[in-house]
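Structure record follows, encoded as structure tokens.
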């Protein structure tokens, strides 16, 4: 049995990059200040980095799965060029009211459902209790709770934070950039 590892689960839009709405082109992808350094530091601290992102724009016909994959590959390489290696990238292309029939469905992977986190747990042998979920929406916190992630972290870099999302979170930080120091402070 492989040894389990702690992970940082990361929402993408509004957590890693500025959420301009249905971001699917390299020109529109803008890393949030400080997140690359934070991700590098989290890797040094021994955490696996796993992106878990709802991409309903695919189901809604805003962009294709191929366009999403091209952007994801670019993001992955951009991070690798800065010494940040992602351990996994999971995405949900579905939406119950999608205009693209192939992706119009109720699924287990779309947050707030925990499917992407459970898949990552099983494939990467993740210690969920020692892990963190970082996102900007209530659905991120709900998915983390359903997957038994130890610490739910809401960030203020995406959509306006709701009281409901704050109540569902264990921590509320201004940005992913603040997470390494927050974890170190907690571990003292």
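Backbone N, Cα and C atoms are what each Cβ position is placed from, and that goes for glycine too.
The feature Mg(2+) binding site is assigned by Swiss-Prot to 11, 13, 136, 137. The active site, nucleophile annotation in Swiss-Prot covers 11 and is backed by similarity to another entry. What Swiss-Prot lists as substrate binding site is 11, 12, 13, 19, 20, 21, 22, 53, 54, 55, 56, 110, 111, 137, and the listing cites similarity to another entry. Summarising the annotation, Swiss-Prot assigns active site, proton donor to 13 and lists similarity to another entry as the type of evidence. Taken from Swiss-Prot, the feature site 'Stabilizes the phosphoryl group' applies to 53, 111, supported by similarity to another entry. If you look up Swiss-Prot, you'll see 92, 94, 107, 109 marked as Zn(2+) binding site. As annotated by Swiss-Prot, site 'Contributes to substrate recognition' applies to 110, with the evidence given as similarity to another entry.
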* Which has the fewest other Cβ atoms within 10 Å: 20, 94, 111, 137, the binding-site residues listed? -> 20
* Asked: Name the residues of the same chain, 6+ apart in sequence, whose Cβ is under 8 Å from the Cβ of residue 92 (Zn(2+) binding site)?
  -> 53, 54, 55, 56, 107, 109, 110, 111, 115, 116
* Using the residues the record lists for substrate (11, 12, 13, 19, 20, 21, 22, 53, 54, 55, 56, 110, 111, 137), what whole-number Å value is the largest Cα to Cα distance? -> 20
* Structure fact -> Cβ atoms other than its own within 10 Å of the Cβ of residue 107 (Zn(2+) binding site), all chains, total 15
* Asked: So of all those binding-site residues, 11, 13, 94, 136, 137, which one's Cα sits nearest to residue 22 (substrate binding site)?
  -> 13
* Hey, for the Zn(2+) site built from 92, 94, 107, 109, who else sits with CB inside 8 A of the CB center? -> 54, 93, 105, 108, 110, 113, 115, 116
* binding-site residues clustered about residue 20 (substrate binding site) [Cα within 10 Å; pool: 11, 13, 94, 136] -> 13
* Structure fact -> Within 10 A of the CB of residue 136 (Mg(2+) binding site), the number of other CB atoms across every chain shown is 24
* Asked: Hey, how far is residue 94 (Zn(2+) binding site) from residue 137 (Mg(2+) binding site), Cα to Cα, in Å?
  -> 18
* Secondary structure of residue 56 (substrate binding site) (DSSP, helix/strand/coil) -> helix
* Asked: Out of 53, 54, 56, which of the recorded positions has the smallest number of neighbouring Cβ atoms within 10 Å?
  -> 56
